[in-house]
Amino acid sequence: MKKQILALALCLPLWAQAQVLDATASRLDFTLTQMGVPMKGSFRAFKAEVNFDPAKLAASRADIRIATTSIALPAADAVNEAKKPDWFDVARYPEARFVAGQFKQLAPERFEVRGKLTLKGVTREIAAPFTAKVQGKKLLIDGVLPVSRLAFNIGDGSWRDTETVSDIVKLNFRLTLIQP
Amino acid sequence: MAAKAYAPLQVCLHWLMAVLIVATFAGGVYVAGLSLSPAKFRYLAWHKWAGFAVLLLVIMRLAARLRYGAPALPGHMSPLAQGAAHAGHLALYGLMLAVPLTGWLMSSAKGIPLVLFTVVPVPDLVAANPELAERLAFWHTLLAYTLAAFIGLHVLAALKHHYLDRDGLLFRMRLRQP
Ligand code: HEM
């Protein structure tokens, strides 16, 4: 976390107008279902270069980079497994990335982002609804996005069996951005 | 109290649980040897469902025991043998409760909730805690093997009554009396 803040601070001059991610109040979680049992995990390390202005959607954009090795799951053997080639193949694909430049307002404080998600070398266009709330100098972004893990070959080989591990994985993102 | 045999409900529970416990024990040993795979997820879920059923059934069984009691032990048994039989049965009841309970506790401590038959969620007993989960895994294993040992002694004792003492004790656990 400290390293990320430092890295962000160093990048700041280049992104003078971008909002700064408050890493301690931001999370990328996911929930998968295993034999009907919801299991939570998260990515601990990610960087977000976001410039989101509810009043200027056309100029808004987001670029989120996730370190796949930072995956966290309830059990150590699950973390080991998740890093293997059948799952995230972190040796070959250390980074997942979401780049978006299309925003749409759905309702007051509710928006939709459309962008490209690259996971394990597969890029797909996805759209996710989210809420954005202003709290003083902070902008709180919250969203849930169901994604098909198999669309990105996450959980290949024998793991393709969706009777044990569901295909749909729910991504929950919460970003706290500090306005410049 | 002086019934000659167990009540039909007790007989049904006894044999249903016998089959379930043997299957759950064998499944547990098998699953513990598997590395993480879809098969492990599947069999571990079955193990938990069967084990949870044992827990519910043993509670019913204790209620039935309190309601109907048990037939008196054969008169030829010495006070020591009778005491050993009672102590053994008490240990079996205790273990039949403790083994699934430690399994349920372990599952909760591992942060993996129990969802029966993939649809019925069961509340967690403790919050996720990896250290506690490890200690519970030790106790679950130790108690499960102790239960297996007691079941082995229980079977041997029943066979001794049947074949050596020829006291008809085994018929008490039958629905139709001879
Ligand atoms: C009569 C009931 C039960 C019996 C006889 C039983 C027996 C066993 C045995 C023999 C093992 C293997 C231990 C080893 O060698 O390491 C095991 C493992 C296990 N049991 Fe049970 N169990 C019962 C109920 C339960 C219940 C109700 C749960 C959870 C709700 C449960 C959860 C587990 C778990 C998580 C493991 C560890 C598997 C692994 O290695 O990952 N058990 N059980």
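Cβ atoms here come from the backbone N, Cα and C positions, even for glycine.
Here TrEMBL flags B:6-173 as domain 'Cytochrome b561 bacterial/Ni-hydrogenase'. The transmembrane segment annotation in TrEMBL covers B:12-33, B:45-64, B:84-106, B:137-159.
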Winner by Cβ pairs under 8 Å against the transmembrane segment (B:137-159), considering only B:12-33, B:45-64, B:84-106: B:84-106
Rounded mean pLDDT for the residues that make up the domain 'Cytochrome b561 bacterial/Ni-hydrogenase' (B:6-173): 95
